[in-house]
Amino acid sequence: MAKMPETTFADLSLADKTAVKKSSIEARRFSDVSTCSFSSTCFTGSSDEEDVSPKDNHQRNSAGGTDFCVKSISKSAFGRREIEIAESEMPGIMTLRKRAKDEKPLKGANIVGCTHVNAQSAVLIETLVQLGATVRWAACNIYSTQNAVAAALAEAGIPIFAWRGETEEEFWWCLDRAIYSDGWQPNLILDDGGDATHLMLKKYPDYFKAIRGIVEESVTGVHRLYMLSKGGKLTVPAINVNDSVTKNKFDTFYTCRDSILDSLKRTTDIMFGGKQVVICGYGDVGKGCAQSLKGQGCIVYVTEVDPICALQAAMDGFRVVRLNEVIRTVDVVVTATGNKNVITRDHMNRMKNGCILCNMGHSCSEIDVNGLHTPELTWERVRSQVDHIRWPDGRMIILLAEGRLVNLSCSTISSFVVSVASSTQALALIELFSAPGRYKSDVYLLPKKMDEYVASLHLATFDAHLTELTDEQSKFMGLNKAGPFKANYYRY
């Protein structure tokens, strides 16, 4: 792991009026927004909209702009309201926007982004623009986009290519449109899963040579970066924000702890008390899921390959098992490993009738969904993102979000914890852009000082007051009174 040099930063419109013709419709739709956030289980638009691919529906925003592709630009007013609600719960990124917008630290930065497109990510995108960057954006997941939010970004003049329910072909088309545009060339990548990085490296190698740096926020994407580095193919510096303290210990853990319950409730109406659940993986995602479900009265089992994580699970009160020991009896299976084929067709053949199966990891390959597309099995879509899959003997399992990331496909997430991660991403982009040549072609972690700065941006929300070291104490501990307060090897 390369050591990252010390940072010097911060020493540190109107919608189409034909969309809403009656006040009663307007009230109902705004009510839908406030309660559902245009997530997968809620607003989907009219049947006409569902039948037409956005690729074939040429639209203009109120300024006449056409450099975008979203489901329906007419929903921009609803999306703007969602973004404003998120802003009120994202103190860190909003404070960063206020403090740095006059300096324009990203002036000249051309950022291509491939992340989830929801209200929280929209706050980050618009912050990057206010800090001086030009951006082009696509979604990293075909089911997590909030269509109204994408419309609001398009209305604001941001080139955004994303809608909920993209096909695989449309996904890559959108990402290609985000990367390539006449007269525009990216010099920074903000990635979630590594798809933008790999598409650019494969299809636009000349573009990739001009990249100043990559910021990656997911376990899957970070793994892909390290594989590139190991193979000598990573020719630009990259920052792994997934393993920064503020991302890993706050966004990853707390977001998953809250959203797993929301996802399961919205899609299945399950009562948790007494249900047997197996969590595959006990990293920060698995820890959050296990703790949350245990708190609701579930009997929780954990599977792990890492003896350290397994010991943590055991001492947290969970029984550590092999999947084959419990697969016939559990009511819910949750994957949280980032690995491949964690749940195989053989596992699914042995699940009990009515077993709920979902994935909380970024990778869509944790569950062997392709193995379920065989002639003898019957698929029935019973709700948005809820499929009943029936075996010839009448047994049925419930698959959520087709094995993709369930919390962002089937529910909403906490804006506050996303603010922590978004602040980290913004600072990482600023650092890479403002210090060309400082970093070699390697994968870096954020310095402790930057992590502490991000945390400090969020303390005022809780009226939290930090204790200050005396001169005697700082000398005794060998610390600067202004931080950093922990060594890089410290594990929180």
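Every residue, even glycine, has its Cβ placed from backbone N, Cα and C.
Binding of substrate is attributed by Swiss-Prot to D192, K247, D251, and within the candidate set E166, E168, E169, E217 the record adds E217 to that site. Compute the center of the Cβ atoms of D192, E217, K247, D251, which mark the site for substrate; besides them, the chain residues with Cβ within 8 Å of that center are S218, V241, N242, T252, A421, T424, Q425. Using Cα positions, the member of the binding-site residues D192, K247, D251 nearest to S218 (NAD(+) binding site) is identified as D192. Within the same chain, the residues at least 6 positions away from A487 (NAD(+) binding site) whose Cβ sits under 8 Å from its Cβ are K448, listed in sequence order. Shown are the binding-site residues G283, G286; of these, the residue with the fewest other Cβ atoms within 10 Å is G283. On its own chain, D192 (substrate binding site) has C114, T115, H116, C140, E216, E217, S218, G221, H362 as residues at least 6 apart in sequence with a Cβ closer than 8 Å to its own Cβ. The distance from the Cα of E304 (NAD(+) binding site) to the Cα of K247 (substrate binding site) comes to 22 Å. Residues D192, E217, K247, D251, recorded as binding substrate, reach a greatest CA to CA spacing of 14 Å.
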